[in-house]
Amino acid sequence: MNSYLRKLVEGQHLTEEEMYEAGLLLLSDNILESEVAAFLVLLKAKGETAEEIYGLVRALREKALPFSNHIKGAMDNCGTGGDGAQTFNISTTSAFVLAGAGVKVAKHGNRAVSSKTGSADLLEELGVNISCTPGEIDYLLENVGIAFLFAPAMHPALRRIMKIRKELNVPTIFNLIGPLTNPVNLETQFVGIYKRDMLLPVAEVLQKLGRKQALVVNGSGFLDEASLQGENHVVVLKDNEIVEMSIDPEKYGFSRVKNEEIRGGNSKENAKITLGVLSGEKSVYRDTVLLNAGLALFANGRAETIEEGITLATHSIDSGKALAKLNLLIAASHEKLERVN
């Protein structure tokens, strides 16, 4: 590890293979917590490259719990966090809208790290059992159409690093790579990131991971979601080509809303917001979810255009299908599920 730390101190980039090897060291018991903290801080200060991100993702996926089945059409819409905006759980709420529109959603997430309420905190508050095995997750994806993958359970080697991340209390490469380490073999992905200069590198990593289609967004105000506040910067991966574009919410019929107006709170407060959106209540929360779910449906290929994606998302909510998916997941996640090993 010392050789890698020296390179980072000197501002040098690591190769993909060096980062892969460093990642395996980070996940081992043969490294001091001080070395882990130093590595994460130095890497953040230098700035992460696509090769470094992919190298670490390779190490994490290698050490993750194995999934035996390929779930056709599986998608994730996990964001990085780390934007400091304290918004409600936009991507988790949107996940049920996607499922209601017929997408199989493998929602990868965690408890709060730099926010008040993480996806795991919200889902527990709503009554979802987040402690599912890979076999149970496969079952839920096939039979319910949505499942939650609790990151610490999927990545047991990360437990010590999670403690160090919490103590550091600053965004690190692990915020960036969280959405990229989903152990399910995803076909498509919608990723929100808090660092605009990482749009292309993250898209390049998704390409290396073999995603058929993907969309990476950095929202107005550097939100790790699409925002109604103003212009959103987007990179689209389709047909193995990467294209940059911008998304103005007003073009799709939404009024501009400041990010401060979609702040969330604790898990109880955020659960109330999510239930309100899924129940069809008109609000700025609903409009934010419609924009994000619409973009995700476009990224998935379920919709040919963003406009069509927003229309499908609206129908998912107003037909009651999105809320039905939540209720079905709550019930099914507590049943004794068939385990596919």
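Backbone N, Cα and C define each Cβ position, glycine as well.
DSSP assigns Arg111 (5-phospho-alpha-D-ribose 1-diphosphate binding site) to coil in the three-state reduction, outside any helix or strand. According to Swiss-Prot, the 5-phospho-alpha-D-ribose 1-diphosphate binding site annotation covers Gly79, 82-83, Thr87, 89-92, 107-115, Ser119, on the basis of sequence analysis.
Non-local neighbourhood of Asn110 (anthranilate 1 binding site): Gly118, Ser119, Ala120, Phe150, Ala151, Pro152, Met162, Gly178, each in the same chain, at least six residues away, with C-beta under 8 Å from its C-beta. The anthranilate 1 binding site annotation in Swiss-Prot covers Gly79, Asn110 and is backed by sequence analysis.
Taken from Swiss-Prot, the feature Mg(2+) 1 binding site covers Ser91, Glu225, and the record attributes it to sequence analysis. Other C-beta atoms found within 10 angstroms of the C-beta of Ser91 (5-phospho-alpha-D-ribose 1-diphosphate binding site) number 26, with every protein chain shown included.
In the three-state DSSP classification, Arg165 (anthranilate 2 binding site) falls within a helix. Within 10 Å of the C-beta of Arg165 (anthranilate 2 binding site) there are 21 other C-beta atoms, taking all protein chains into account. Annotation comment: Swiss-Prot describes Arg165 as anthranilate 2 binding site.
DSSP gives Asp224 (Mg(2+) 2 binding site) a coil state; it is part of no helix or strand. Swiss-Prot lists Asp224, Glu225 with the feature Mg(2+) 2 binding site, giving sequence analysis as the kind of evidence.
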With a 10 Å radius around each C-beta, find which of these binding-site residues (Asp224, Glu225) has the fewest other C-beta atoms nearby.
Asp224
Among the binding-site residues His108, Arg111, which residue has its Cβ surrounded by the fewest other Cβ atoms within 10 Å?
Arg111
Mapped DSSP class for Ser91 (5-phospho-alpha-D-ribose 1-diphosphate binding site), helix or strand or coil:
helix
Can you tell me how many other Cβ atoms are located within 10 Å of the Cβ belonging to Gly79 (5-phospho-alpha-D-ribose 1-diphosphate binding site)?
29
